[in-house]
Every structure is written in C-alpha cells, then in structure tokens.
Amino acid sequence: MLSSIVSSVDTSDLVLLTLLVGGAIVYFVSKYLNQPSSSRYSPTVASVTPSAVASKSNQSFIDRMKNENRQVLIMYGSQTGTAEEMSGRLAKDLTRYSKKAVVVDPEDIEVEDLARLTEVEDALLVLCMATYGEGDPTDNAVTLVEYLNAGDCDLSGVRFAVFGLGNKTYEHFNEIGIQMDKQLEKLGAKRIFHLGLGDDDANLEEDFMIWREAFLPKVAEEFGWELNTEAETMRQYQLEPVEEGKALFKGEFGRLGAYERPRPPFDVKNPYLATVAINDELHTEHSDRSCRHIEFSVEGSRIRYEAGDHLAVFPTNDSALVDRLISILDFEPDRTFRLVNVDEDASKRHPFPCPTTFRTALSHYVDICAPVKSHVLKAISEYCTDESEKEYLNKLSVANEEGLKEYARYIVKERRSIVDVLTDQKTCKPPIEYLLELLPRLQARYYSIASSPRVNEEKIAVCAVVTKYTIGDRLINGVCTRYLTTKDAGSKSPVFVRKSTMRLPHRTTTQVIMIGPGTGFAPFRGFLQDRQFHKNAGKEVGAMHLYYGCRHPDHDYIYKEELEKFQEDGVLTHLNCAFSRAQEKKIYVQDRLWETRDRIWESINAGAHVYICGDARNMARDVQATLQKIFREVGGKSEYDAVAYFKDMEKTKRYQADVWS
C-alpha cells in the first residue's frame, strides 16, 4: 500500500512536502526554545507577571518612554524597600500634573541604555538613592553607580533631581546620594532642584515630606505643567474579582507554588522556604529580655554562604493585629481578589503577588506595624465621617511646622501603626483594597550569620534579641523577632543569603581583633568556627582577640560555654569581656580596648585586621575614637596621621564594620 502511495507522488511533490515538514519542525523548535524556562519545564507554574507585561519588560525603558510619551524616569537604590516606596509615591504625585513616570529598578535594566535618555524630549531623571553599609550603594544599584561613576555617558540636556536616604550615625552619611548628585552634573545634566538628604536616625519621613512638597511645584514650574485637581483622588490600582478555583498566592513572592517547587537561585525575589532546626533561648532566667539562637536547615537548596554574610528572613505579621484590622474595617478576610494597575502601560501590574486573599495580603505582603506614612494619612482622611478626625489626619500629612511637629510626636515618637491610627480615629473606614494599595510592602529583615559553612554548610545560624516594649498602654513588638519566637523546630520560614564584604583574611596566620557586644558577636562566632576548622586540619592560625560586651555575666552572656571552649582549644587567644551593669561603674568594650592598648597597637602594627559589629550610634563611634587614640598615644602618631592611618586601614579592608542603628 505504501509503495502505491509513493509511486503516485512525483519528485516535485516530495520536495514540497519535505520543505513543509522541515519548516514546521523549525517553527515549533524555535517557539519552544524561545519560551521562558519556567514555561518549558513547569507548565503548571504561573508567574506573577502577565505575558503582556513580560514582553514589555524586554523593551528598553528608553523605548518605552519614547513610545508612551513619558518624560520622567525615576530610578531607585533600595535595600529595605523605603527608596522604592518613595519612588512610587513620587510617580503617583506626578499624576496630579497628568504625567506618567517610568519607575525603574536598576537591577532589571541594561544601565548602558541610560545614555539614550537624551533621546527623550524634555527628559527628567529623578534618583532616590539609599546608602548602605559604609558608604556603599545598595545591592540593586551597584551596577548603576559604577556605570555613572565611570563617566562614559553624556547626559547633556537631561534635567535631574536626587533624594538621598541615609543615617547620620554612620560615618559616610548619604554618600551615594551626594555622589550621584555631583556625578550627574559632571555628566552634563542640569540640576533643577537641590539634593534632598533624608536621615533615618532622626525622621526620614519628615525629610522626604519637606523635600517633596517643595520639589513638585518647582518641577511643574520648570516644565510648565498644570495641576489636574481631578487626579488628586485617582487610585493607582483597581480591585478585580477572581474566578472560583483560580490558583492563589499564599505567601510566595516570585511565582505561584514557589515553596512547593523551589528553584534556585534564591534571593529577595525568590526566597527559599527553610526548615527551622533549632530555636533556643540564649539569655538566662535572670534576664528581663530574650535572645534567640536559631538554626535554619537549607539542605538540598544549593544555598552557599561564608562566615560574615547575612541571612534575610521574611516575617509574617502578627495574626492578632491582622484580626484587629479585619474587625475595625469589617470586611470578608478570605475573599479572593487581585489589584491591577489602572495604567495599562505600567511595568508594575500589581502592588504585591496577586491573586490572593485579603487575609494573606495583610499577613505576608504589606507592613501593618510600621509608623504610618504621611501620604497614607492624607488618603484615608477622606473616609472619616467625623470632621474633627478628618481635620486631624489632614494636619498630620501637611509639611508645615505644626503638622510636622504633631506627626513627629503622634506617629514617629509614639510609633503608631495603621492599626493604632484606625483604632484612635474610630470613624475612619477606608476600603480594604485601597488600604492595601497605600501600605508599604513588608520587607525582609537581615541578620549577621552566626556560623561557618566549614562546620556545617547545610545549617545557617543567627541570633537575635527579641524587640518588645511598651509605649503608654500599647505593647510594641518587633515584626521579625516576634515572628521568630513562634518558629519552633520543624516549622518553615522564607530566607535567602545576602553576601557581605566582611571576610576573614585569606592567610590563616593573620591576627584578627574582633569587637562585638551583644548580638554583635554573631559573625565572630562564624570566624572562630572557621579558624578552629583550619587549626583542626593542622594549619597554623594567627591570634584571635575578642572584645565582647553585655549587661551582666549571669543574665545575657551569650555563647559563654562556646567561648570558653574556643579558649581551651587555643583558637581564641585573648578574651576581654565588658559587663556594663555588673558593677557600679559601667564598663564598655572601648574601655577594655584602652586597657589593653599596648597589645592592640602591637598587633595592628604587625598587620592585624580589625572587625567591629553592633550598634552604629554609640559603640562603633566610641571604638573608632579609642583606636585613633591608641594610634596617637601608643603609636606616637599625630592627630592627622592617626586619622590617615585609620582611613588607610578602611581602604585596605584591614578595618571592616557591620553596624546598624
């Protein structure tokens, strides 16, 4: 039968048939290969971003600005989400002038395309740049900062403004914001508004309010924009129902089912659901505080870390606070929904993973514990039926002397969250979907890793003091430390590792001086484990000096037995403890440093590396001052030379700090 069919087909038919079959194969193979890997290998896993947006993301942000007639580009460098949130607020502010901005995470673009910004007519570039660590850019802005500092692009004709986010307790206050403000001018761009310097140690929200209130009218004047009063009440997202049976996000971040079907690499957009292996109390029964030692199992995840890195933990909001909000606003918590951007061309289609339920969004995706931002107060004031409550919330949102003073007292100093505000202002009943649009995203918290992979690469340890205090009759809990106290062995938590620059010297014989009171000891536990591993392997290891501090040896002396064992094994050669409340006169780590100044100078002069971890506001500054005093009075250096010597230690990484405020 087959032979009769073949005999009836001539050569030209065979050629045509071969071409058609070959073309079909090429078409389907190319279509398959051009699919995202997630579509090829996991067809049941849905992405957060719809396909229409995914195709748009492949388009250069410059082409988007040109094609969609957008003249404002807002870029942010954000480590904890604050700069990102402020960028979104500025973009929403611009809609009051009928302008749509493009908001960009530098990590998601080709930064070289920034050189094409001159192709956009009347382009305005706004940077919201946080400074991280010791004057460094945030993780997502490293490439952008390096590109701009290289000076290879010409931004002549572009106008710009910069708002920096920093903390005055750090030595390099707002370094990146200041640096970018100067560099953009060097690249030919025109500054149209002064540099804003936000200070998180004082009142970052107030600094931003003052800068923003003056910035917007100045920009409008510069470009001749007119205010659109109708845009004041426009929402950024609209509520859409979800059909029954639709797969829902239940706390995942990157994609549906991410925790059931984990795929590396694991990062802020794709955390790993680790198992809590150990959750122990470190303080004794005599302490009025709590400090937890927690070990996370990352077995099989291919997560790698080094002593000195950080572990990020994604917390869940207190269910009691979620229930209070549900009761106050009286909505159906398990209703399924999605919030969709009303701007169809926006790259950010949803404020958080959707579709989901109201309860899940309040538990996992928005911050209901942080002091309420001024723009949120203004927005929800419209839903007060009592005029005096409406007037009060409006006053709190205005950047004048009276409003700022009251906002600083009522919100910042007394740390009132959205739950507190809605409890006080009893007639304020904003729709839950609008509140979810307004509230900032719940961010991961970072902890110095307190272990070494050379001991166990599949376990990551952290230690954390539980934040818990009262203001008046209100109990304030730390979002993440409260969450961690509930995580018994066997429970799960989303985590990822953030790389740090704080590393032991490559040579195991180099001396190290470690200064870490309280939980500042965490990375040094990893350092000691690291050196013990090398010593046990027969390598020569250098002297290790530890300056540890706590309140009382019988209350909060964490890892005491381990430190004694490190001493017995000859790994920890010098242990100097400062107990601030065990005697009449308070003693701190800087006091112990000064007492051993001769040994410290001898070690540093011989090439020792110095590490400090802990409080930036007081301890770090006092330790730096003590070190420079040692350089002067023991090392014989002048004041100028002592400062220069310290700066050189910083530059050559012989002095490294991991501090927080």
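Glycine is treated like the rest: Cβ placed from N, Cα and C.
As given in TrEMBL:
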- 72-216: domain 'Flavodoxin-like' (DOMAIN)
- 78-83, 130-133, 165-174, Asp200: FMN binding site (BINDING)
- 269-505: domain 'FAD-binding FR-type' (DOMAIN)
- Arg289, Thr519, Ser580, Arg581, Lys586, Ile587, Tyr588, Val589, Gln590, Asp622: NADP(+) binding site (BINDING)
- Arg415, Arg445, Tyr446, Tyr447, Ser448, Cys463, Ala464, Val465, Tyr469, Gly478, Val479, Cys480, Thr481, Trp660: FAD binding site (BINDING)
Say you check the Cα of Arg289 (NADP(+) binding site) against those of the binding-site residues Gly81, Gly133, Ser448; which is nearest?
Ser448
Rank the binding-site residues Ser448, Gln590 by how many other Cβ atoms lie within 10 Å of each Cβ and give me the one with the fewest.
Gln590
Do any of Ala130, Gly133, Tyr170 (binding-site residues) have a CA within 10 A of Val479 (FAD binding site), and if so which?
none
Of Tyr170, Phe173, Tyr469, Tyr588 (the binding-site residues), the residue whose Cβ has the fewest other Cβ atoms within 10 Å:
Tyr469
Among all protein chains shown, how many Cβ atoms are found within 10 Å of the Cβ of Ala464 (FAD binding site), not counting that one?
23
Counting each residue once, how many in the domain 'Flavodoxin-like' (72-216) are helix, strand and coil under DSSP?
65 helix, 35 strand, 45 coil
Between the C-alpha atoms of Tyr469 (FAD binding site) and Ala130 (FMN binding site), the distance in angstrom, to the nearest integer, is 29
Which chain-mates of Tyr446 (FAD binding site) that are at least 6 residues away have a CB under 8 A from its CB, listed by sequence?
His310, Leu311, Ala312, Val313, Arg498
Averaged over the domain 'Flavodoxin-like' (72-216), what pLDDT does the predicted model reach?
95
Whole-number answer please: how many Å between the C-alpha atoms of Tyr588 (NADP(+) binding site) and Tyr170 (FMN binding site)?
20
Can you tell which of the binding-site residues Ser448, Ala464, Thr481, Lys586 lies nearest to Ala130 (FMN binding site) in space, using Cα positions?
Ser448
With every protein chain in view, what's the tally of Cβ atoms within 10 Å of the Cβ of Asn167 (FMN binding site), excluding that atom itself?
20
Show which residues of the chain containing Ser580 (NADP(+) binding site), separated from it by at least 6 in sequence, have their CB under 8 Å from its CB.
Gly549, Cys550, Arg551, Lys586, Ile587, Tyr588
Cβ-Cβ neighbours of Gly133 (FMN binding site) (radius 10 Å)
19
Let me make sure I understand the structure: which of the binding-site residues listed (Ala130, Val479) has the fewest other Cβ atoms within 10 A of its Cβ?
Val479
